[in-house]
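Visitor: Can you read through this structure? Questions will come right after.
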Amino acid sequence: MSGAALGLEIVFVFFLALFLLHRYGDFKKQHRLVIIATLLAWYLCFLIVFILPLDVSTTIYNRCKLAVNSSPAESNGSYVTLAPSKQKCFKPWSYIPDGIMPIFWRVVYWTSQFLTWILLPFMQSYARSGGFSITGKIKTALIENAIYYGTYLLIFGAFLIYVAVNPNFNLQWNQLQTIGIAAANTWGLFLLVLLLGYGLVEIPRSHWNGAKRGYLLMKTYFKAAKLMTEKADAEENLEDIMEEVRKVSESIKYNHPLRKCVDTILKKCPSEYQERMGRNMDDYEDFDERQNSYPSEKSLAKLHKQVIYSVQRHRRTQVQWQILLEQAFYLEDVAKNESSATRQFVHTFHSQEPENKIIQYFYTPTVEWYWECLLRPWFYRVLAVVLATFSVIVVWSECTFFSTKPVLSLFAVFIQLAEKTYNYIYIEMACFLTIFFLSICVYSTVFRIRVFNYYYLASHHQTDAYSLLFSGMLFCRLTPPLCLNFLGLTHMDATISHKNTQPTAYTSIMGSMRVLSFVADGFYIYYPMLVVILCIATYFSLGTRCLNLLGFQQFMGDSEMTSDLIDEGKELIRREKRKRQRQEEGENRRREWKERYGNRDDSTRSRAFHTDQKESSFSETNANRSLSKYTRSNGRTERDRIELLQDAEPLDFNADSVTDDPLESDSGR
């Protein structure tokens with residue numbers, strides 16, 4: 001089993017990262033380099049989280065071997081026996097041979113650092129550039145990142161000067177490497193505590209609120225009102241951009257040197273706008289025969305960038321609107337079925353996607369009713385209590401992990417108790433659950449946050465390239481300090497435990513943080529205590545209240561603005577529901593008409609066709625003319641009657657009142 005666990009986790013983590021990237025990215029439309037770079041960044045970060053527990057168990061076994069070698073001992077198979085106390089050091093099932101983990105961590109760590117500080121920022125600027133050639137995009141990316149790279153070089157230079165001026169240090173390559181690692185980890189820890197403080201409270205609270213059907217439905221109505229505003233804004237923005245493209249396309253003719261740039265812009269436009277605009281070129285007119293002011297290539301590149309952004313935003317809002325409608329209809333169905341006497345779940349609308357026959361066989365309407373109406377709320381409540389317990393343990397350990405005598409960190413207590421009995425499975429499970437929960441709190445916050453419209457991770461393949469690359473940067477910067485914080489909570493870091501023991505392979509590549517004592521003994525130890533203040537602020541929704549005061553509408557139950565948006569969203573959902581009901585009823589009527597009168601319609605059309613042929617052949621006689629006229633008009637009347645019945649939509653007699661709202665009038669038409 002030596003190394004087998006490492007290989008299995010490497011394969012499993014790769015498919016996990018691939019699955020998440022497929023959910024948020026679009027493999028067909030986005031550039032392959034963007035997909036590969038994002039996949040590599042996510043994969044390396046998830047890999048560190050999953051492999052670190054194996055490093056901990058291997059380190060504990062190596063410490064046991066060192067203790068055995070320093071005392072009289074005798075070897076027996078896969079374990080070592082201490083002669084005086086007859087203590088056994090069993091080799092863990094996931095033991096990784098010496099020399100593999102340091103090389104593995106060195107490759108993973110420095111690759112992730114190269115991605116987050118050099119490659120991904122450059123690719124971000126390259127992806128957002130509106131240039132029409134590779135050279136132009138590279139030039140734009142270099143200019144945009146000049147200030148970015150210069151800022152970090154300035155910070156590294158400040159650390160370098162500090163070490164050079166201090167007479168207690170000698171400048172060596174290992175110390176310079178440690179300074180760079182300390183600077184990166186300091187920046188990452190600063191952001192890590194902010195995200196962790198939000199996730200420790202919000203994740204248990206979101207699961208607790210998930211058991212409240214009324215709460216979720218009201219929040220969905222609130223989201224519908226906000227999303228409709230964003231959707232209308234995206235459509236208006238797209239119309240304005242397409243109007244500019246139309247003017248540019250009409251002004252730049254076929255033989256203009258910049259016509260290729262215009263054609264590139266037109267290819268990025270939606271198909272309906274391409275058909276509407278066309279080329280509108282006069283082949284007999286040359287561009288130099290008319291004294292017009294033509295746009296420059298720089299302005300076309302800016303327009304190209306705006307087209308890419310507006311089209312992506314418009315498509316994303318359209319997809320999100322449909323997803324939100326399905327969610328609202330589902331929550332309304334749950335509310336209706338809770339009082340069902342038959343205890344069978346009934347959907348208002350049938351699923352548009354074909355269901356799996358195996359799932360449909362086991363997940364019957366009765367099973368669905370018991371799960372959705374009875375079991376699921378209780379499951380979410382129990383899960384919320386478990387997550388809240390973990391959050392309390394994390395907050396306590398973050399505030400007390402620097403204490404070694406006595407050991408106050410609960411995670412360190414658990415690991416040390418298991419270390420005495422060398423229960424490696426328990427050690428690995430405890431380490432995995434701890435670091436997995438910390439990662440969920442941090443990574444889920446990265447997936448939830450939204451920086452206006454520049455950074456937004458949207459599921460169902462609606463995330464743009466810039467946001468994907470930005471998420472990869474955040475993951476690579478947050479994961480190393482997250483792992484160091486975990487090792488500090490469990491006292492596996494010698495800097496925290498102050499013990500002269502063998503460090504983990506992950507800690508060994510970080511070097512000795514004693515080069516920067518104010519970072520190792522000050523910032524790393526006391527800054528994580530700030531998580532208590534952040535958790536309190538998140539619990540009382542101070543950030544949400546501040547955003548409300550600034551004009552950014554947030555969901556708050558005691559706000560008048562929230563109530564107005566809930567009412568607006570409820571009306572929007574009601575209109576969309578009536579529209580979909582009319583569409584389904586119209587389709588059912590057409591289907592029934594075709595099944596009942598399909599043959600009669602064909603015979604009527606056949607008789608009308610033969611009568612028309614008869615009229616054209618014998619048009620010289622008056623009797624035949626009148627007969628053909630009667631037959632032709634009869635056939636036309638029959639066809640018109642069929643088409644009118646097919647196009648007719650049922651009237652909504654359940655509406656509260658007749659209104660002149662344009663949304664309802666459009667849907668009625």
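Each position is counted from 1, following the chain as shown.
Cβ from N, Cα, C; glycine included.
OK, TrEMBL features for this one:
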COILED    224-251  coiled coil
COMPBIAS  582-617  compositional bias 'Basic and acidic residues'
COMPBIAS  618-634  compositional bias 'Polar residues'
COMPBIAS  635-644  compositional bias 'Basic and acidic residues'
COMPBIAS  658-669  compositional bias 'Acidic residues'
REGION    576-669  region 'Disordered'
TRANSMEM  6-21  transmembrane segment
TRANSMEM  33-52  transmembrane segment
TRANSMEM  103-126  transmembrane segment
TRANSMEM  146-165  transmembrane segment
TRANSMEM  177-201  transmembrane segment
TRANSMEM  378-396  transmembrane segment
TRANSMEM  425-446  transmembrane segment
TRANSMEM  466-489  transmembrane segment
TRANSMEM  523-542  transmembrane segment
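Would you situate these features in the structure and describe their surroundings?
Guide: Residues of the same chain lying 6 or more positions beyond the ends of the coiled coil (224-251) and with a Cβ under 8 Å from any Cβ of it are 262, 265-266, 269-270, 273, 277, 279-280, 292, 294-295, 300, 303, 306-307, 310-311, 313-314, 316-318, 320-321, 324-325, 328, 553, 565-566, 568-570, 572-573.
Long-range contacts of the transmembrane segment (6-21) within its own chain (CB-CB distance under 8 A, at least 6 residues past either end) are made by residues 35, 38-39, 42-43, 46-47, 50-51, 54, 94, 96, 100, 104, 468.
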Visitor: If contact means at least 3 Cβ pairs within less than 8 Å, sequence distance 6 or more, would you call the transmembrane segment (177-201) and the transmembrane segment (523-542) in contact?
Guide: yes
Visitor: Count the Cβ pairs between the transmembrane segment (103-126) and the transmembrane segment (466-489) that lie under 8 angstroms and are 6 or more residues apart in sequence, then report whether there are at least 3.
Guide: yes
Visitor: Find the member of 33-52, 146-165, 378-396, 523-542 that has more C-beta pairs under 8 Å to the transmembrane segment (466-489) than any other listed stretch.
Guide: 33-52
Visitor: Across the coiled coil (224-251), what does the pLDDT come to on average, as a whole number?
Guide: 92
Visitor: Determine which residues of the chain contact the transmembrane segment (523-542) at the Cβ level, with the cut-off under 8 Å and only residues 6 or more beyond its ends counted.
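Guide: Same-chain residues near the transmembrane segment (523-542) but 6 or more away: 186, 189-190, 193-194, 196-198, 200-202, 205, 391, 394-395, 398-399, 401-402, 484-485, 488, 495-496, 513, 556.
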